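Worksheet: one structure, shown below.
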């Protein structure tokens, strides 16, 4: 009897679970089918000058949201409820890691000081301009109860650029390596700075904002940047050392590929445990792995990891743009602003204007300061390149949406008019900047940087050879080398070289350390392990 009663009670529960599971399965199938559609349509539009896959996914998401809205009779426009955990834990890591894994390291580190100037100092300038502008222009518009913490969060939310959209739409790493390294590097540091600022805003008393608090925020950012970078580099070096010493690939290439993926993800998740920046950690982990670990695995694993990381990143990017498009028509948030659409449009226009002004306020002045430190005209950022950098950072994306949801919603829902207006304004700006700016971007860059200019940019920004690098370090002094005229030049002191050419000097000494210690210990190009019977040996024997 007892078992019969339990069975009768479990039947309704089983039906409820089956209904819930069925709805989840339908949602997953629909979303996977939409991603496949985005891939196919993106391939068909590959030759289009104006379209790209991010805009394609966004448009398909909007169309799907309209269909779902009509099917559910206005109750919902999307399949999933947006979750910051989904974004920061599962979707963002493969995108940032692959960017670090694929980036041209020499270009990135040659422009490291300029990247930090734009990414950290520039983001702070943009943050304060948007913050003070929002207080001055939005406080008297009767959009709801927004306190000082909300306005600080607005500054952080709209200071975050969309480096994913930027890289897909603006620049090519092979055609313009100099600009690519600047825009991409600034985008990664910008996202990290924006997230750190946002988290810092949540952790202090908004009623007592003074200069000491602001200095603490800046000091916390410096600590987080250094600690996160070291953690990511440590994860990359540890994976390189393990694979080099054990040479796992002689028995199974699957194990070394799995180890690379899991070690990269572990470096990202450890930052959540230690309250550090996961964006910076996984980015520098990708750089270190591409420099050391990737050269330690077998040839088969190299091909596998390169395409696996790129594929995971591509799927995550498509997922993000598709969901953003579907979330544009979320009826729950738009019903709060249905009585005053003009006010919502005004808020969006003001915030977009502040984004434009905030970006221009640091790109052009900081470019001028950066050019003052460059001795060669080819290393300076010309005005057309400055315009390209300014335009490339205007688009806002998933980071802004994730931070906005974190600040103005609870579990993806909101019942306050002011919060709903800020969510809809964020969605409007993301949609407008991605589609409108994205459509104009390619012809604009083609106009500012024609093929000859791109070629010149690539030539001028190519890393120097060891001999030319050494010559540039010796050009201001007298050394022990004999030049073409027979004059004997002496090598200047290390301090003098550091002051005259800091980037070249750091790169020169890093190469010496890398060749003398790092690569013999951790592996890398020229230090690939060899084991009898390995797949590498077998492939060589097959060729012979």
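Every residue, even glycine, has its Cβ placed from backbone N, Cα and C.
TrEMBL entries are annotated by machine, without manual review.
Look at TrEMBL and you will find 28-45, 57-74, 86-103, 115-139, 221-243, 264-289, 309-329, 350-369, 389-408, 420-440 tagged as transmembrane segment. Residues or ranges marked as domain 'Cation/H+ exchanger transmembrane' by TrEMBL: 33-445.
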Inset, instruction - Considering only the recorded stretches 86-103, 221-243, 309-329, 350-369, state which has the highest number of Cβ pairs under 8 Å to the transmembrane segment (264-289). - result: 221-243
Inset, instruction - Go through 221-243, 350-369, 420-440 and flag the stretch with the largest number of C-beta pairs under 8 Å relative to the transmembrane segment (309-329). - result: 420-440
Inset, instruction - Among 28-45, 57-74, 115-139, 389-408, point out the range having the most Cβ pairs under 8 angstroms from the transmembrane segment (350-369). - result: 115-139
Legend entry - Cβ-Cβ under 8 Å with the transmembrane segment (389-408): same-chain residues at least 6 beyond its ends: 82, 84, 87-88, 91-92, 118, 150, 153, 156-158, 160-162, 164-166, 169-171, 179, 182-183, 186-187, 190-191, 194-195, 198, 320-321, 324, 327, 355-356, 359-360, 363-364, 367, 381, 414, 416, 419-420, 422-423, 426-427, 429-430, 433-434, 437-438, 441, 444-445
Legend entry - Remote residues contacting the transmembrane segment (57-74) - C-beta distance under 8 A, at least 6 residues beyond either end: 34, 37-38, 41-42, 318, 321-329, 331, 431, 434-435
